[in-house]
Every structure is written in C-alpha cells, then in structure tokens.
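Everything on this sheet refers to the single structure shown next.
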Amino acid sequence: WIMGHMVNPFEQVDEFLNLGANAIEFDIDFDENGIAKYTHHGIPCDCGRLCTKSAVFTEYLDYVRQVTSPGDPKFRKELVLLALDLKLQRISSEKAYAAGVDVATKLLDHYWKRGWNGGRAYILLNIPLVEDYEFIKGFKDTLRKEGHEQYNAKVGINFTGNEDLDEIRKVLEKLGEDEHIWQADGITSCFARGTDRLEKALEKRDTPGYKYISKVYAWTLVRSSIMRRSLRLGVDGVMSNNPDRVVKVLKEKEFANKFRLATYADNPWEKFTPI
C-alpha cells in the first residue's frame, strides 16, 4: 500500500492517485464537542507541504465516495484504502466516544449511504493515542445501533502515536479487538527516525498466533534511501508525500519481484504469507 499523506483538499485526491498512490490519508479536525468538521492538518506539518488546505468533512466523504464507487464518472479503481487521521489529541479524551459516534454516523450517511450505492474502499481509523480508545467503542456502538454492523468488515484500527506496542495490545484486548489491526511507525518527514520500534512491530506481526498486528507501515517517507530501508525490513505499506518515488523504488531490481501494489482484491486485514 502506498499511502498519500495529508490529502485534505478535493483536488489532491486525483493528484496523489496520479502519482501512484493506492491509498490516501486525510486529517479530521473536531470541534470541542467531538464533532468532525473539516479535513485539515494545521501548522506545523511536514516540510515542503502546505499545512492549511482543507475541506468540509461531509463534502470530502461525498467526493471520495464517488472516486471509490464503480460506475461513477469519477471512479478510480486504484484507490482501495482510506486512512482517517483522527486529530483526537486536540480535544478532551472525554469526547472521544462522541467523536466515534459522529464519524461513524457521517460515514454511514455520506460514504456508505447506508447500503445504497456507497463507496467500496476499506477504512483505516488512525487513532493518535491509546487514551482515546473510547472512539472505537463509540464508532462500533453506532454501527450496531444503526443496524449496519456489516461495515465492520471494511474497517480497521491503527494507533499512530508510536506508543509501547504491549500497551497498545492491552488496550486492544480490553476492547475485545484482535483483528483488522494495522500498526504505524514513523515521524514527520522533517526528522530522521531509527528502526527499533518498526522492527519490533514487524517481529510481532510475523509471530505465529499473534493477532494484534496484521499490517505494518512506515511514515512519512520522502527519501528513496529510507523507502528502501523500510522495504528491506518487510513493511506492508509506506506513507509518503511523494508516491511517485515509492513507485520508482518498487521498480528497482532488488524489489520488483518481491513487492507489488495492492489492489481491491487484496484483503488489508490478512497477514501476507509469502508463497
């Protein structure tokens, strides 16, 4: 999975897909009551990027629904995963449950259309800190109460704050979640980061019987050398401001026979098993 980073305005969706992304990450800004208002990152953000571009969240969902709905004039078959970077660290943890309710409701109304010609992409809920775990409860409770638990099959969970992997596992156990789990590791592109935690996450992913990590990705990579380093370690995905650089690296002799771009036929919740 090549995840385009910080794809917040409409016009950047096609821009990043044209550069080779098959997934996009966008930021969700909440008001003080946990209501999702805008796709917006804000200052500071990655070096070389404009931090302030935004869209109304519901309008953005309407747009990406079209991009991920076969038969729609805007349809792009390559876009198979939407990563929602939930800016919960900007609001009180007491509002995390309400935020989960609101995001689930807006996905039902504007993306899935409650079963009427909704978008098909997989959804990854990127939660910054384990203290915000109530978001997941609010989200799942809403799908159940609204009679649309079938969408759980499309939804995955990812804690993105580089916290202790065992602490993340404990929270997932507490929630009763042991599938559809991604693990991110990374830092803003402005800084360098070692691979210790990334390697630990990959080791857990590859441990037989370990349920709490099915995919691992590195973020936010802009240098080809760091992309190569991550691929050599065996990541499932890369988040980048420059998807075209990732595509170019994947075509190199070292990687061309080991990796390919994920398609809609690839289940993002299953561990990859080499043939």
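Heads up, the Cβ atoms here are built off N, Cα and C, so glycines get one too.
The record from Swiss-Prot ties GLU25, ASP27 to Mg(2+), and of the options ASP85, ASP102, ASP109 it ties ASP85 to that site too. Of the listed cysteines (CYS47, CYS51), only CYS47 is recorded by Swiss-Prot as the disulfide partner of CYS190.
Nearest in space to HIS5 (active site), taking C-alpha to C-alpha distance over the recorded positions GLU25, CYS51, ASP85, is GLU25. Remark: of the active-site residues HIS5, HIS41, the most isolated position is HIS41 (fewest other Cβ atoms within 10 Å of its Cβ). Within 10 Å of HIS41 (active site, nucleophile), counting C-alpha to C-alpha distances, fall the following of the recorded positions ASP27, CYS47, ASP85: ASP27, ASP85. In sequence order, the recorded positions near CYS190 (disulfide bond) (Cα within 10 Å of its Cα) are CYS45, drawn from GLU25, ASP27, CYS45, CYS51, ASP85. Looking at ASP27 (Mg(2+) binding site) and CYS51 (disulfide bond), their Cα atoms lie 11 Å from each other. Taken residue by residue with DSSP, GLU25 (Mg(2+) binding site) is part of a strand.
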